[in-house]
């Protein structure tokens, strides 16, 4: 096979320097067809096609780009087609099974492996038979009675070697098929679960958490690979046992049935243990799902948890679930240990019973029969050893299959009817439509008897108070709700902008283009109308900058504009926009409305949910919702004249009915805007190459010793040491038992000879030898049982400790870690990696130690008995170490790349589940399915290549092991006159086992190293940067700190990461106790950075912040954050109960919670339910509207009774009514607090004591509002003017009223017609 590595330097130099450069760029097999597909019969038989790749891995650090293309028959596209047909047949059955469908699709391939494996199994029985004949040959040669050819020993050597090699060839061909079949079943689960996830109905989604879905594609899918890896061993276990027993009977007669009786007696116990395993595993998986679900939720909301100093509460939530999971894991492990211990002890116990009975019956031992029988008993260890593993994995596979089947049978979303009537214009048509979020729940919110049309070139606006059903109407149009009655139809393509923008982890341009072809002219136009050009100029990489997961390096307004730009660029026919203007600045909102919605989209059907009353006069039609029903519709003026619900709604917003909307667009302001040079600080910065999300790094070289040490100490070093001593005692006692059998037979023969010669026999009697044999054998059994229990007990403790360390370490990580690390990558640690540590790693380590100690014992034993064997053994050992050395480079590289290529699958799943509504709206299902297939193909390429390398090594190790057997026969033949028959039997019986043990031992070593990569990856997260301590014992604030709530910023400089430009540049100011400070500024000016610095989510680079004269840097983070309160822009609720969301530490009595709910006007909502404070909150609070979520978050702040409150654009995403309620509650309840308000709506802060205007990370202006407005060239003046002429007048009156000391309610009565007339100013 041609080595695709770089050729020798000399060869390249003859071609000139340019040629060298050209060749050096092409490393490995990247882009080439898989050599396995092109290889001939001999190359496939010996796996020699992999030779060049092994050398390549030795010379280079392996990269994914070095791998060849995945074979066509292994690609996801091919597998998807195969399973689709099979599942279509299966789903028609009363009780469909996905596993059965998989067997139907790929079972024929597995039949080929059965054929090869049957030949391999047959070859295993040749060795013991030749052993018996070899002993007979030696005995007869010694006695001179042999009638066979004197060279027969050499012929036996060739026969044993030849049949063993045939068996090896067949075994690895069988393995080639089983591995592929297991991987195919794993792949189709990942593919079909993904497809199903983007089709699930809303009721199905509400009952299935993202954590559960991730578990299906990680743990459950992985079971297929694990089971198929040993499936043939299990299928042939019973035939092997029967054949072994039959041959045993042929050798030693009826004592065989004594051993059989022991095995039969163990079956009920094994069956009971297997039953318990099944029950425990099923419950255990449910607990694992729950733990992963909560962990995923916490990781997504880590910023909020840190801001509230809720780490302890949520740690308890996860660790309690983990403790319950560990209890079940202990139970599961103990039942599995019983199986392993019993089946591990049965061969030894059977040997003792069989040989004791044989001796008792015959009165002597025949070396040929005894050691031939011993070989058969050793053969029994293989099927018996695999049975507990197969039972455990089989149970897990059965449960996994059931879970996957149940998931795939969940109801799917019914797509909205596509209208193809050419006479109808594009638009949305709803006729007598009654829909609900969840049909299964009677109290589920929905829409009633909706008749709605939005068609042609029109702008329809949807308004209503909080909880009226505005977003529900949008979801119904998209087909996300379940239809009870009526019809919903859409003509034309759809573009959708959700209330909370969905951003993918890609470049800014890719987020906008969203898979469509690039039309540069349209793209530039879209950037202009969506007000993104200035933002793009701020990034050094322009629109090629990478947008982090969930858009973490963009502000809320930027994310929303990117979302709008995606919709506009799609050039759809119908635009459904769910309150997109709430998250953007006022002047940007006006620009978007006039330039985008009424500009570039003027020829489209636009449906706009809005809380901005001032834009209603520009709508062609307005729809008013109340309690899930349309109560009014018409133009703005028609609705005003009707004086019905719309008029009441205007009063809630404080708008005079006679007022006209501000009909100016931003053309008039553009000149002023251009004159005022915008100095805006960059948003969270990415690195110089444009990347923000860090690539997952693969460690190079062997797994470090400290990783193994980490695992050793995790479960208790002394317990591990105790288990290791027991491993040695177990191997030693078993070897000694077999050696004693040989010694007994030799001594028995010598006693017989002495008696025949009339001499006094020496040594122990046969009965004494029997007693020692039984005693040592029983000790061996006891050691095996104790070792098994102690080691697996240790393993569960280690798993518990590692999870505890990992979770606690993540809670202490700085926010920059979560900004740069995709959620899917972190979740992978808590699913796949932790599953390996929980369930698999201990088995691999135990098998590795058992096998390698057995090999070592064999080599020592046969070298002592046949010293001449050391001559060929030396080069064999050298070859073994060379092969193993080369293989480890290959194996390590592939293992790590396989692990790295697995994370993108989880990342993509996570991203898809967050944006499934957008994906469906834009009809991007197939595009995302192809992305999933590409990621899966990359991962499968690594995995299948790794398995091919295992076969490459295995065959060569088998060859070396078979050589040991061959040379053992050769030297026994050479020394047949001096070697005892019992030693011949002992040497050959052990030599026969060395091939399997050596091969399995090395592969287990590689497998153990692979699984240790999980410990290594988790250790990477345990190490690394951490936040400051939660509590500093010798520097704690007084219990009543802060008493006043004064804040001082002293030359504060802050940057997001070392090496990046500062985002806050020398902030210096003093805020007096109880002052109400408004903070304004353009996007990226540093408003939210002030909050991050105050809460120390990012530490100051220079300068300081003091509260009540105390430098906050000297306190622990918990002491600081628990004494502050924040109402963030995006309201975050957690699955659980209302009580848990309000009071995670359960510190407040019920009456206090109800009192707070009264204050925010939500008590009626919950008092009307039976659960009350225990009302269920679904994941992300999806069973509440955004306005209700924000009110609940306000209630959290009220319960804290803080001296300092921060409002971080807290009312940006709520309607005017909710905004008014929140503002009134804050004024009333927090009058004695210092309040910092980062505002989008200037009317919420114009009555502040002072306003801080930030520009480019510096304080541009800081004074009373009225004073600042006297400066006609000031930035605040410009921002006020941007809100529109009438609203600017109102804002100035607010500032003047504040200066003159008038009450805000008086101001409202004086000038109510101006209140919120135009866009509530957004900054």
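Cβ atoms here come from the backbone N, Cα and C positions, even for glycine.
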Stretch carrying transmembrane segment according to Swiss-Prot (options 952-972, 973-993, 994-1014): 952-972
Correct range for transmembrane segment (source Swiss-Prot, candidates 80-100, 185-205, 206-226, 227-247): 227-247
Swiss-Prot annotation (transmembrane segment) - matching range among 275-295, 296-316, 317-337, 338-358: 338-358
Long-range Cβ neighbours of the transmembrane segment (952-972) (under 8 Å; 6 or more residues past either end): 46-47, 50-51, 54, 127, 134, 138, 153-154, 156-158, 160-161, 164-165, 168-169, 171-172, 175, 862, 866, 868-869, 872-873, 876, 879-880, 883-884, 887, 979, 984, 987-988, 991-992, 994-996, 998-999, 1002-1003, 1006
Which of 111-131, 152-172, 375-395 contacts the transmembrane segment (227-247) most, counting Cβ pairs under 8 Å: 375-395
Same-chain residues at least 6 apart in sequence whose Cβ lies under 8 Å from residue 468 (ATP binding site): 625, 626, 627, 628
Secondary-structure category, per DSSP, in which residue 1087 (ATP binding site) falls: helix
Most Cβ neighbours inside 10 Å, all chains, among the binding-site residues 470, 1087: 470
Fewest-neighbour residue among binding-site residues, criterion Cβ within 10 Å, set 466, 1085: 466
Count of other CB atoms lying within 10 Å of the CB belonging to residue 464 (ATP binding site): 26
Long-range environment of the transmembrane segment (152-172) - Cβ separation under 8 angstroms, sequence gap at least 6: 45, 47, 116-117, 119-120, 122-124, 126-127, 130, 133-134, 137-138, 951, 954-955, 958-959, 962-963, 965-967, 969-970, 972-973, 976, 992, 995
Segment proximity, the transmembrane segment (338-358) to the transmembrane segment (772-792), 3 or more C-beta pairs under 8 Å: yes
Chain residues in Cβ proximity to the transmembrane segment (712-732) (below 8 Å; excluding those fewer than six residues from its ends, i.e. six or more beyond): 780, 783-784, 786-787, 790-791, 793-799, 801-802, 805, 846, 849-850, 853-854, 856-857
Residues of the parent chain within Cβ reach of the transmembrane segment (375-395), under 8 Å, 6 or more residues beyond its termini: 124-125, 127-128, 131, 223, 226-227, 230-231, 233-234, 236-238, 240-241, 244, 247-248, 251, 259, 270, 274, 277-278, 281, 336, 339-340, 343-344, 346-347, 350-351, 354, 843, 988-989, 992-993, 996
Remote residues contacting the transmembrane segment (338-358) - C-beta distance under 8 A, at least 6 residues beyond either end: 248, 252-253, 255-256, 258-259, 262-263, 266, 269-270, 273-274, 277, 365, 370, 373-374, 377-378, 380-381, 384-385, 387-389, 391-392, 734, 737, 741, 770, 773-774, 777-778, 780-781, 784-785, 788-789, 792
